[in-house]
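Chemist: Not my notes, these are from TrEMBL:
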type: DOMAIN; residues: 16-403; note: domain 'Major facilitator superfamily (MFS) profile'
type: TRANSMEM; residues: 48-69; note: transmembrane segment
type: TRANSMEM; residues: 81-102; note: transmembrane segment
type: TRANSMEM; residues: 108-133; note: transmembrane segment
type: TRANSMEM; residues: 145-167; note: transmembrane segment
type: TRANSMEM; residues: 173-194; note: transmembrane segment
type: TRANSMEM; residues: 227-246; note: transmembrane segment
type: TRANSMEM; residues: 258-282; note: transmembrane segment
type: TRANSMEM; residues: 289-308; note: transmembrane segment
type: TRANSMEM; residues: 314-337; note: transmembrane segment
type: TRANSMEM; residues: 349-368; note: transmembrane segment
type: TRANSMEM; residues: 380-399; note: transmembrane segment
Amino acid sequence: MSTTSSKRFAPAFNHTTLVILAAALVLSAAMGIRQTFGLFIGPFSFDRGLPVTLIAFAIALHNLVWGFAQPFAGAAADRYGSAPVIAFGATTFAAGLTLSATAPSGPLLIVGMGLLVGIGVSCTTFGVVLPAVGRMASPEKRSMAMGLVSAGGSAGQVLMVPLVQGIRLHAGIATSLFVLAFLMLMVAPLGMVLDRRAKTPVTRQEPPVSSLRAVLGQAMRHRGYRLLTLGFFTCGFQLAFIATHLPGYLSLCHMPLGLGATALALIGLFNMVGSWTCGWLGGRFRQHYVLGWLYLIRSATIGAFFLLPKSAFTVVLFAAVMGLTWLGTVPLTSGLVAKVFGTRHLGTLFGVCFLSHQIGSFLGAWLGGVVFDLTGSYSLLWQATVASGLIAALLHFPIDDTALHTPAMQAKPASA
């Protein structure tokens, strides 16, 4: 490679690396923290005398608030950039954790962990960071770049779950939540990195930009977008139920103390491999087919775990396989939206799609608590997660992923 070519390549490479790293760190903090909430159900119930249904509702509510706020957070990032949105979200997230740490009653816990955390998560996770990465990357490398960010974001789950478990056991609920709030504030400035542009020469004039209303109307009329949005509901339903109630379920099965936290950490560890692999597969195969098979594998795994006798081995095996499929849906889903509609309004369009995911998350987390309080068992929810995965697979296979070649829908990516 010539010296001139090396100089042209280095800035783009460095910019790409910085954006992916910053996006992964923000996502790692936000997703890792919220993944620990299932560890607080027992302590909140025993130490503060709060019913499991109320705690599960607070956790479920943050998923619902996240979903409804996501299109607005994505639209704000599309228009104003990621930096102010992430800074606002990190501050709100930290405020919610602080309120939860000091909340003496159920209503304050709902406001803190439900409302404030939900708003904060919407501004610091997929709907804000992945569109920034998608606009940075070329179409050929977009799925891989999003997969790398999602994989890097999983590091938070690997690190946060054992960290919080240790702090909670030695210093209590409040201290562990205060530490998480501080960590959230630490990543707030990284949004500025996502708004940096690679210093590459402009070789063609940018096409005119369609109005947001026109883009949304086109998406809502697109059958594939509707199927993708409906299928994404299942992902949220399955993941929120497992993340929230797996520790409690394992306690009912008389598994060793701490195995639930270990399982959640293992899910995060294997999700690093799974997200990267799904991003790689999405760059080589049609993304809706990969999604369909992913949902089938996930449902088969959940069904086998529910039916098999419980032991430390089956729990570890379940966590590993679930981790491989955990957040692999996100780079594939966002990549599919970008392929069909372009990247100019990706934050908004993925945000609308993600709303369905979060409605599923709300129901998965909340209904787990309701069904347990009514029946003393999680069996109905395990069966529902299997059935919903089969339905999601059937919804994804017939999606038409043909790109809509409307010039105004496309945004010129930076070199990657």
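From the backbone N, Cα and C atoms, a Cβ is placed for every residue, glycine too.
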Chemist: For the transmembrane segment (48-69), find every same-chain residue at least 6 residues outside the stretch whose CB is under 8 Å from a CB in it, and list them.
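Modeler: Distant Cβ neighbours of the transmembrane segment (48-69) are 34, 37-38, 40-41, 96, 104, 106, 109-110, 112-115, 117-119, 121-123, 125, 236, 240, 244-245, 248, 354-359, 361-366, 368-370, 372-373.
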Chemist: Hey, which of 108-133, 145-167, 227-246, 349-368 has the most Cβ-Cβ pairs under 8 Å against the transmembrane segment (81-102)?
Modeler: 108-133
Chemist: Please indicate, using numbers and ranges, the residues of the same chain that are 6 or more beyond the transmembrane segment (289-308) and have a C-beta under 8 Å from a C-beta there.
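Modeler: Here the qualifying positions are 231, 234-235, 238, 242, 278, 281-282, 314, 318, 321-322, 325, 328-329, 332-333, 336, 379, 382-383, 385-390, 392-394, 396-397.
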Chemist: Which residues of the chain, 6 or more past the ends of the transmembrane segment (258-282), have a CB below 8 A from one of its CBs?
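Modeler: Sequence-remote neighbours of the transmembrane segment (258-282) are 32, 35-36, 38-39, 143-148, 150-158, 161-162, 165, 242-243, 246-251, 290, 294, 312, 315-316, 318-332, 335-336.
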Chemist: Taking a Cβ cut-off under 8 Å, which residues six or more beyond the ends of the transmembrane segment (108-133) line up next to it in the same chain?
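Modeler: That would be 19-20, 23, 26-27, 29-31, 34, 37, 44, 50, 54-55, 57-67, 69-74, 77-78, 82, 85-86, 88-100, 102, 142, 145-146, 149-150, 184, 187, 194-195, 330-331, 334, 343, 346-347, 350-351, 354.
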